[in-house]
Amino acid sequence: MDLVIMNFVFLLYLTSVVKCSIKLDFNKVSTPSKYTKRDALPMPLINDKILYTTELEIGSNKDKVSVSIDTGSYDLWVMSNDAVCYKVSEFQTEGAPQLPDIFNDIDQDYSCTFNGTYNSKSSKTFKNTSEDFSIGYVDGSAAQGVWGYDSVQFGQYGVTGLKIGIANRSSVSDGILGIGIANGYDNFPVLLQKQGLINKIAYSVYLNSSNSTTGTILFGAIDHAKYKGALSTVPVDSKSQLSVNVTNLKTKNGNVASGGHSILLDTGSTFSIFPDEWIDALGHSLNATYDEDESVYEIECDGYDEHFFGFSIGDSDFSVPIQDLKTEKDGQCYLAIMSNSVIGGGGILFGDDILRQIYLVYDLQDMTISVAPVVYTEDEDIEEILNPNEDQNEVPTSTSFTQSASSSGSQPSSTISGENMDKNTTSSSSGNCQTRSWIAILSALFLVYIHII
């Protein structure tokens, strides 16, 4: 995996329909990628990774900026047009842990402005808050700048008055569009609903298979073709992050953990984060060898067809192939799950490697998440998520659960220091839609970018 960096571009489209057929043609391009996260849960920098990003147009000049889509945070922040880019060793979060090499390359050379910048000074719709913006990540990367408000356009639609962090110094390669639980102000999903673009603050996520080049997110709607059985609805068990109770954690050879555990379901993370004992159980089930230098388990690169990591959420059972939980470096394969003891805190997280097996419906209004085993298909059966005041189920074809779980986690607090602060120097669409409702459904398609380094 050291040779390939994959970056999914998330292209947004808004339609005032329920049933749509949309054809998109994309160009395959090369792009550097270097990403970590965030403030809901400390995260590792993962050098060979998949990013889900959307191209936004910000301000009166419609500056084009690509930002990572993240259910684990709630802010939008982007690079300023005058941003200075640094290596992490030059501009970093103090006290960041030493991460295993297979997850981290803090001195990779890249441009933080590669994915576009925003010129707030030339935007006629920009409003300065005079607040300092600062964010630091567990891998050591950081960004600083100012907060402001401006309009954000996506396709032919947009929202106004969205709070934006504008970074003028950064050792992070990509800005972030957080679509998680709002905290203190109306973030992107809330404004979509308040400004009449969707009926309810809810969206569904379909990441598709690990070798696919496409996936979809629908704001305000569900695609029934993308899952099997019934959606199982469970409560979000945190006021600040989109985590749920997960049970029945197991492998082919036995249990990984007993009871229920609060786990963040985070599309903004390529890999998952487990406690040491869970990783040990997985490693032992594979007869893997622990690499003391890398602090990870060495595994075979193939031959695990019958092995899996299983778990349950509500009434739904899931099975993740072990092949989806590995990474490769210099011809050696590893079990690619980060230990939460390495990054500090007791938080547990399911990243994209696991979430590809789940069709997810995040309801930020009712604070629930609905899940079902995913079906990989190009078929569509899209239905809007109804207004809670209507006398119908808000999430169609679902069963509900109320469960308790043990939960532990940590919120990062970071200060930033700088040394050696020298400056580093299309798509098309077509389709037919049958109008059935005024309710707008915001949909998205992802395109994979492959970069050989």
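Using N, Cα and C of the backbone, Cβ positions are placed for all residues, glycine too.
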Among Cys301, Cys433, cysteine joined to Cys333 by disulfide in Swiss-Prot: Cys301
As recorded in Swiss-Prot, which of Cys20, Cys85 forms the disulphide with Cys112: Cys85
Candidates Gly72, Cys85, Asn115, Asn208, Cys333, namely the recorded positions, that fall within 10 Å of Asn168 (N-linked glycosylation site) by Cα distance: Cys85
Cα separation, Asn115 (N-linked glycosylation site) to Asn211 (N-linked glycosylation site) (Å, whole number): 24
10 Å Cα neighbourhood of Asp70 (pepstatin A binding site): matching recorded positions from Cys85, Asn208, Asn245, Cys301: none
Of Cys85, Cys112, Cys301, Cys333 (the disulfide-bonded residues), the residue whose Cβ has the fewest other Cβ atoms within 10 Å: Cys301
Asn245 (N-linked glycosylation site) to Asp266 (active site) - Cα separation in whole Å: 14
Sparsest Cβ surroundings (other CB atoms within 10 Å) among the glycosylation sites Asn115, Asn208, Asn211: Asn211
Of Asp70, Asp266 (the recorded positions), the residue whose Cβ has the fewest other Cβ atoms within 10 Å: Asp70
